[in-house]
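If you look up Swiss-Prot, you'll see Cys4-Cys34, Cys8-Cys40, Cys22-Cys45 marked as disulfide bond, on the strength of similarity to another entry. Taken from Swiss-Prot, the feature methionine sulfoxide applies to Met44, supported by experimental evidence.
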Amino acid sequence: IIECFFSCEIEKDGKSKEGKPCKPKGDKDKDKKCSGGWRCKIKMCLKI
């Protein structure tokens, strides 16, 4: 099993900054979302 962790990232001044973890919006929405121009990116994946 591989488990992945996602975090929100934004690019400012050509540098990407990492923010809070991504949260699914609502129970039905499986897509993880970030607000205010932040993008959800895979932080790391671990093999369990």
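In case you wondered, yes, glycine gets a Cβ from its N, Cα and C as well.
Geometry remark: Cys40 (disulfide bond) versus Cys4 (disulfide bond), CA distance 12 Å. In the three-state DSSP reading, Cys34 (disulfide bond) counts as coil. If you take the CA of Cys45 (disulfide bond) and look 10 A around it, the disulfide-bonded residues you hit from Cys4, Cys8, Cys34 are Cys4. Cys22 (disulfide bond) falls within neither a helix nor a strand when secondary structure is assigned with DSSP, and so counts as coil. Comparing Cys22 (disulfide bond) with Met44 (methionine sulfoxide), their Cα atoms are 13 Å apart once rounded.
Between the CA atoms of Cys4 (disulfide bond) and the residue listed as 'methionine sulfoxide' there is a gap of 6 Å. The separation of Cys8 (disulfide bond) from Cys34 (disulfide bond), Cα to Cα, is 6 Å.
Counting other C-beta atoms within 10 Å of each candidate's C-beta, the disulfide-bonded residues Cys4, Cys34, Cys40 are led by Cys34. Long-range Cβ neighbours of the residue listed as 'methionine sulfoxide' (same chain, at least 6 residues apart, Cβ-Cβ under 8 Å): Cys4, Phe5.
Note on the disulfide-bonded residues Cys8, Cys22, Cys45: the fewest other CB atoms within 10 A surround the CB of Cys45.
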